[in-house]
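Trainee: Just lifted these from TrEMBL, have a look:
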DOMAIN    14-336  domain 'Acyltransferase 3'
TRANSMEM  38-61  transmembrane segment
TRANSMEM  82-101  transmembrane segment
TRANSMEM  147-166  transmembrane segment
TRANSMEM  178-196  transmembrane segment
TRANSMEM  202-221  transmembrane segment
TRANSMEM  233-249  transmembrane segment
TRANSMEM  255-276  transmembrane segment
TRANSMEM  288-313  transmembrane segment
TRANSMEM  319-339  transmembrane segment
TRANSMEM  359-378  transmembrane segment
DOMAIN    436-654  domain 'SGNH'
Amino acid sequence: MAGERTGDGPGYIPAIDGLRAIAVTSVILFHLRPGALPGGFTGVDIFFVISGFVVTGSLLGRAFASFGQLAAWFYARRLMRIMPALVAMLLATLFAAQLFIPDAWLSNSLAQVGRFAFLGLSNVVLATDTDSYFGPQAAYNPFTHSWSLGVEEQFYLFFPFILWWHHQLQAGAKAVRWVAILSGLSLLLCAALAAFANKFAFYLIFPRFWELGAGMLLCLTRERWQCWAAGKRWLAPLGALLIAAGFALPEGPFFPFPGALLPVAGTALVIMAILGGTAPRALASRPMVAVGLLSYSLYLWHWPVFVLFRWTAGLHTPMLQLAALAITVTLAILSYFLVEKPLRSSRRMAGWPRGRVVAAALAMVLAAGLGGQLLIAAHNRITLSVTRDRFAWYAEPGRPLPLDLTGCTPIDGEERLASGKVTLWTPRCARPGGFTLFVPADSHGLAYAPALRRLVAETGASVRLYFRPACPYLKLIMSHAARPRCADWYAAVERDVVNRSHPGDVVFLPGLRVTRLANQFEKDRDLAGRHDDTVSAAALAEAQGITRRLAAGGARLVLEAPKPVFPSPVFRCTDWFNRTNPACHGLTIGRETMLQRRRDVMRAMHELAAGQRSTILWDPLPIFCPGPTCEAVPGGRPLFFDGDHPSGLGNDLIYADLKRTILAVR
């Protein structure tokens, strides 16, 4: 009978579940209070070694007449063990995310990672994303933790081939050698990628295979070392010491290599101690085993719960942390007893052919994935966030124009330029006196997209908007020279403007020219207290050279003066469920405070304009702050999306004055 036990495998070992309990507890503690266990994330490495050992043992102790029988039995077992609880978590998390998480830069990768998590490929998406595992976008994505499940699922794809090969060789040393060679090559790849492409080393299966391979090798060679380990009482203490050293590791670029060597080696030693009978009895105690049995569900649910707390009430007080932990444990228990256990022990399914089980599991994943896609598509209809009014909140390029201009909607285009891109808006309706408006900027230029597109529709101008993230143009309080990684971009933009501009054209230079008071995430607070809003002589001299060269083709320059900045990301602090979040420190700032903060920048800008007749200033501050207090949401109407980017309504407010300034300078 396919899958019948032969007695060769290690069978169920309660202490292994105790080791799982340590792994999941460390991960949860790290995600809840990183300072309490800086390297708690290495619990995932413990899981990898355990998985390699346990999964190998599950097949090693069973008889199969053919590879097809082995593969069908293995895939059916793995799919029913992993997918039902995973799919339940993914669908529930997607639904909650659509309710409580607004569309923003901070949540930019949420939908994509969620989609690919259904396919076991979220780790690939995260590896190619611009953010790291320890970055803000990962910290606010409720699906980030699915990367490790992706690694394991990809491992399972080729695992039966390795075990069948081992079986065909009558458990010979040759197969063990090849597993060792593959693991060694994986470790070398991990070391190489860690040096220049750390995200690939962290997220992808090939540089992580060696950790699962370590568990495989332990199981495949068990008969050779188990008797030896029986008398070695130092194995467990040394293994525990290495695991503890891994827990003490701070997050950093030295992980996963060489940092992961500690938890992997430590876990291997503890497993040897367990099978040698010298491990502490506490590992096999009922509380430890109970947590270990729940470890998969605990891992699945803890991260989405914590992330949803970060987006709503916050996770910054002991009471909130206890509440998040209580919800996590409750969901894990429900998942284990209502989803995991019933399906694994189902007598009805046990009688199904294994191929039928695989087909049913894959059909379930496909249906759930389609359901998830419907949830993502329904975001704007079901969200509880005030940002569901996209017209008011989002300064999107596709924002509808006034009805009398809809027939003149600009023609959209895009070009690559050096390491960035150029967005093109050309007129659909011919107008007399057309000109080109060049806009070198970062996200603060994109934030004026609705106003710029409306300008194209009304005046017949063409717009070239230059964009590369984190490369602000003419920031003044920071020189271009201070951002060497943007040097090629700055040079390419300048060449393009100079080569294309003619008399009558305009260069609009928007930007954030005072230090922001708040990011979209609460980790970086009191930003202004750590930076200087003064303009150095070197930065001013550099700006004078840049503006002189930009005007060389005859274009006139419009330089945006600093607009108000706010102490909170506005979109995260205007709902009933997020106003108490630690990211929120008020939605107003005194006009006099802003005038003081921008005093030196204004001095430098006036000096720039006075020295070059081709340059004038445009000051949006009086428009955004008509009274003694600047308000981000006056009368419930959002003028800013976050702490310093104008909203859709903010664009409407400044449009007439911006248009008048641009046309007047020509």
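Glycine is treated like the rest: Cβ placed from N, Cα and C.
Could you give the neighbours, burial and distances for every feature on this list?
Mentor: If you look at the transmembrane segment (38-61), the same-chain residues 6 or more away from its ends with a CB under 8 A from one of its CBs are 5-11, 16, 19-20, 22-31, 70, 74, 77-78, 133, 148, 151-152, 155-156, 159-160, 163, 166, 208, 211-220, 243, 246-251, 255-256, 259-260, 262-264, 266-268, 271, 295, 299.
With a cut-off of 8 Å between Cβ atoms, the residues of this chain six or more beyond the transmembrane segment (147-166) that come close are 44, 47-48, 51-52, 55-56, 59-60, 64, 67, 70-71, 74-75, 78, 82, 86, 116-117, 120-124, 126, 133, 172, 175-176, 178-179, 203-205, 208-209, 212, 216, 220.
Cβ atoms under 8 Å from those of the transmembrane segment (202-221) belong to residues 9-10, 45, 48-57, 60, 123-124, 126-127, 132-133, 147, 150-152, 154-155, 162, 166, 171, 175-176, 179-180, 182-184, 186-187, 189-190, 193-194, 255-257, 260, 264, 267-268, 271-272 of the same chain, restricted to positions at least 6 beyond its ends.
Sequence-distant neighbours of the transmembrane segment (233-249) (same chain, 6+ residues past either end, Cβ-Cβ under 8 Å): 22, 26, 37-40, 42, 45-46, 255, 259-260, 262-263, 265-270, 272-274, 276, 278-280.
Tertiary proximity for the transmembrane segment (255-276) is limited to same-chain residues at least six positions away from its ends with a CB under 8 Å from its CB atoms, namely 10, 13, 15-16, 19, 39, 41-43, 45-46, 48-50, 53, 187, 190-191, 194, 201-202, 207-208, 210-211, 214-215, 218, 222, 225-226, 228-232, 235-236, 238-246, 249, 283.
Within the same chain, residues 14, 16-25, 27-28, 31-32, 47, 82, 85-86, 89, 92-93, 96-97, 100-101, 139-145, 282, 320, 323-324, 327-329, 331-333, 335-336, 340, 572, 577-578, 580-581 sit at least 6 positions outside the transmembrane segment (288-313) and bring their C-beta atoms closer than 8 Å to a C-beta of that stretch.
Long-range contacts of the transmembrane segment (359-378) within the same chain, counting only residues at least 6 positions beyond its ends with a Cβ under 8 Å from a Cβ of the stretch, are 76, 79-80, 83-84, 87, 90-91, 94-95, 98, 111, 114-115, 118-119, 352.
The average per-residue pLDDT of the prediction over the domain 'SGNH' (436-654) is 93, rounded to a whole number.
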